[in-house]
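Colleague: Before anything else, here's the structure in question.
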Amino acid sequence: MKRDPTKGRKTPDHYARKAKTEHYPARSVYKLQEIQKKHNVLKPGNAVLDLGCFPGSWMMFAAETVGRGGKVTGIDLKKVATHMPAQATSLQEDIYEIDREALAGTLGPLDVVLSDMAPDTMGNKFTDAARSFHLAAAALDLALFLLKPGGHFVCKVFQGEDFQNFVNMVKAEFERHKVFKPETCRKDSKETYVIGFSKKESTHVGS
């Protein structure tokens, strides 16, 4: 019997095919679209930071949403090669090592910080969740430094032992919060998104 060469091979799902048709570099764009449709975190004219921006789907959608009067800056370890609207730029940086004072001087106070960062998974759910928590905590720390009062924060984090701790961290710094898992997440995925709405006045930009 001949071996089926397609057996065990992952085939692109509906959202991956749709992304290709609509000229987005990855299916992850539809997660942000769902978040935007449900929670309206992005507004025309907003200044936005996208952490973990590679390959550029969130940057592209955010730039389209904020329009030419807005600005979107992406940061990732990998270089983004996707062609972007004029109001979007990317930096190849490590979030753990970036000079946030210099970044604040370049970007100014932000309206929204997005983070779709995820660790390179090891196949151990406890290790993967712990590494995701540390990335999310780093994203939150940077967001609190850069966001203006009233600004919003959207962050991916894996469910695990530290998940509720992270939710509580966001809850403490924002007027309200929401835990949201887009329908476009893969069924077996442990990822979810924690959204902080309206950064509290007591958490100062650049503090």
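Cβ atoms here come from the backbone N, Cα and C positions, even for glycine.
Annotated active site, proton acceptor per Swiss-Prot: Lys156, in sequence order. The annotation S-adenosyl-L-methionine binding site is assigned in Swiss-Prot to Gly56, Trp58, Asp76, Asp94, Asp116 on the grounds of sequence analysis. Per Swiss-Prot, region 'Disordered' is recorded for 1-20.
For each listed feature, how buried is it and what is near it?
Modeller: According to DSSP, Lys156 (active site, proton acceptor) sits within a strand segment.
Counting Cβ atoms from all protein chains shown, Trp58 (S-adenosyl-L-methionine binding site) has 29 others lying within 10 Å of its own Cβ.
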Colleague: Please state how far apart, in Å and to a whole number, the two most distant Cα atoms are among Gly56, Trp58, Asp76, Asp94, Asp116, the recorded S-adenosyl-L-methionine-binding residues.
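Modeller: That value is 18 Å for the farthest Cα pair.
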Colleague: Long-range same-chain neighbours of Lys156 (active site, proton acceptor), Cβ under 8 Å, sequence gap at least 6?
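Modeller: In sequence order, Gly52, Ser115, Asp116, Met117, Ala118, Ser132, Ala136, Glu191, Thr192, Tyr193 meet the Cβ cut-off.
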Colleague: Looking only at Asp76, Asp94, Asp116, the binding-site residues on record, which one has the least crowded Cβ, with the fewest other Cβ atoms within 10 Å?
Modeller: Asp94
Colleague: Counting across all protein chains shown, how many other Cβ atoms sit within 10 Å of the Cβ of Gly56 (S-adenosyl-L-methionine binding site)?
Modeller: 25
Colleague: According to DSSP, which kind of secondary structure is Trp58 (S-adenosyl-L-methionine binding site) found in, if we only use helix, strand and coil?
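Modeller: Going by the DSSP assignment, Trp58 (S-adenosyl-L-methionine binding site) falls within a helical segment, counted as helix.
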